[in-house]
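Please read the structure below before turning to the comments.
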Amino acid sequence: MTLLAAADAIWKTAASFGAPVGTVSYTVVFFIFGTLLSSTLFSLSELMYITPYATYTTLGSAYVDPAVGYIMGLNYLLQVGWETAGELLGVVIYIGYWDKDMTRGRMGMYIGIITAVCIVVNVGRFKGSPYLQRTLDASKLLLVICMFIFCVVVTTKNRPSHGWVAPHGKYYRTEPFNNHFSGVVTPRALSRFLGFWAVWAKCMYAYSGLEGFPGLPRADGFKSDPRMLRTNLIGPAKTMWFRICLTYVVVIVTYCLNISMHSTWLLGPNKPPRDTPTAPVYVAIAHMAGVKGLAHLVNAVVLTNGLVATILNMGSTARAFNYVLDSTFNRLSEKASVDGAEPDPAGAAPVPLPKIVQLAFPRLGGWLGTNDLPIGGLLVGIGFAALSFIALDHGLNQCFLWFTGLSGTSSIVLWAAINLCYVRARKALILRGVRGKVKLPLQHHMQPFLAYFCIPFFTIIFLFNGFWVWIPKFEGVQFVMSYLTFPYTIIPYILYKLWWRTRVVDLRQINFGACARGLLHSEKKPSVVVDNTGVDPAMVVDAGVINEKKKKKVTTRRVPVPSDTSDSSPLASSPSASDLA
């Protein structure tokens, strides 16, 4: 969703502050933010290589605290939920390129039809959906390449017959920074700093959802072999920076070369219900350059991919809802943190739940549809989609800003928690001497320094993302929507801690086999490879690469795992059968 996300970030900032934030600010911030997020996702890849098939809930529970795991699962649920509503409104925005006189009635009709299509696709069973998704992914990649070439051409070639004057990169010279932030900040240095910081706060949504990068954990888990998952993680993880950071920077550069941030194509008419940008930025560039056929083609491709993203987000919301139920009421997260280890003597017994809660919530989570999609979770996804109807009263642009902002803040909480999990997992590996014995194939040369930097930096962005609500005067509604993520992160965390009385997991009690969920999908008796090095062979590359400085002769044999297996190596080789039940 690179085209959608990057364009949305430009729209949001330009529309929110009434002045261009600056082309240089955009390029620099997207480059730095992309680098930090790439390192975060690389850390997540390392965690997934060590403990494959883990969900966000089990990662946080096993490495930090069951309450942190619950918050990670909850924020993932809310992130995909808010993104469902935001993407749905985005599709309506792209329809507005063709329906230029959209009324409130037609807007409500479009929202209802898109919601119905999402429900039908998620409830039904469509065998060709994976091939359709691959085709759409290929179309997006081809579109980005073609539009990049097109933008490079039109930025240097005039088309007098169509009224197009080649900018020759003048917007990088005339609009590098924001010298009049919100029209009231007079000191130029302060205005430029606020505009620069606004890009950090607003580009969260542009990068949100990348924690579901292919090969990384989603709430629905994986169904393939654990060794195949580890093999498939190595390639995408090592090219993460090129795939994410450079792609976004290239898109932003092509935007800033060809279109001014004062353009009405970005701001749109400020009257409801058309108080919104009229088209994606690439569509605007093609239209202004006089290639209207290409503009219609680009809008159709972006609209189709936006619709598919809405459908997938609704399904992800349904599955994430089930895992939040598990971590809250069935205490799967607390079990995962002490799998095969002695119970924490400092932790008191949890208070039992009321009888009606014990009966209602497991049934709600176990109600599955024809394609094993949780019906209870699907109802939650439909509820998020139904929130899009408030755009009939508050306007498309305003509601789009609300939903995408909430999705971005939930993502940044998740990113900070991922780095925290990585730091603690790395410390646990060092305590057990694993990093000195085994050369892991996924080791970032800038870690753990980037992880230590990302935790406070993402926290600062989360706390100050809504600073602009005080300029020029305080706006109560905008303040609530900017900081709504804060109470539904802190309050559930405190309530979970008080109810279950959990504590931070001791580094010596972390069991790296606790998060392995791949055997849940296997009907065969699990087996483990035992060697004389005391190191889990699954931690090594397929050929069993051992650090050359400490070569040891390895003899392996396969033995079945008994139901009451205990740790026989520095790492837990496999989860016990009772925990897999």
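Each residue, glycine too, has its Cβ placed from N, Cα and C.
Computed from a predicted structure; not experimentally measured.
The domain 'Amino acid permease/ SLC12A' annotation in TrEMBL covers 20-320 (among others).
The transmembrane segment annotation in TrEMBL covers 24-44 (among others).
The annotation transmembrane segment is assigned in TrEMBL to 107-126 (among others). Below 8 angstroms of C-beta separation, residues 84, 88-89, 91-92, 95, 132, 273, 307, 310-311, 314-315, 318, 369-371, 373, 378, 381-382, 385-386, 388-389, 391-392, 396 of the same chain, each at least six residues beyond the ends of the transmembrane segment (107-126), sit close to that stretch.
Positions annotated as transmembrane segment by TrEMBL: 138-156 (among others).
Taken from TrEMBL, the feature transmembrane segment covers 240-261 (among others).
Taken from TrEMBL, the feature transmembrane segment covers 281-312 (among others).
The domain 'Amino acid permease/ SLC12A' annotation in TrEMBL covers 360-506 (among others). Model confidence over the domain 'Amino acid permease/ SLC12A' (360-506) is summarised by a mean pLDDT of 83.
According to TrEMBL, the transmembrane segment annotation covers 373-394 (among others). Counting only same-chain residues 6+ beyond the ends of the transmembrane segment (373-394), those with a CB under 8 A from a CB of the stretch are 77, 81-82, 84-85, 88-89, 92, 104, 107-108, 111, 115, 118-119, 122-123, 272-273, 310, 313-315, 317-322, 325, 364-367, 400, 403.
Here the transmembrane segment (400-422) has long-range neighbours at 8, 12, 15-16, 37, 40, 43-44, 46-47, 56, 59-60, 63-64, 68, 71-72, 75-76, 78-80, 82-83, 85-86, 89-90, 93, 202, 204-209, 211, 276, 387-388, 391, 447-448, 451-452, 454-455, 458-459, 461-462, 465, 481-482, 484-485, 489, meaning same-chain residues at least 6 beyond its ends whose C-beta is under 8 angstroms from one of its own. If you look up TrEMBL, you'll see 400-422 (among others) marked as transmembrane segment.
The transmembrane segment feature in TrEMBL is assigned to 449-471 (among others).
Under the heading transmembrane segment, TrEMBL lists 477-496 (among others).
As annotated by TrEMBL, region 'Disordered' applies to 551-581.
The annotation compositional bias 'Low complexity' is assigned in TrEMBL to 557-581.
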Closest-packing stretch to the transmembrane segment (24-44), where packing means Cβ pairs under 8 Å, from 138-156, 449-471, 477-496: 449-471
Cβ-Cβ under 8 Å with the transmembrane segment (477-496): same-chain residues at least 6 beyond its ends: 66-68, 70-71, 74-75, 78, 328, 401-402, 405-406, 409-410, 413, 462-463, 465-466, 469, 502
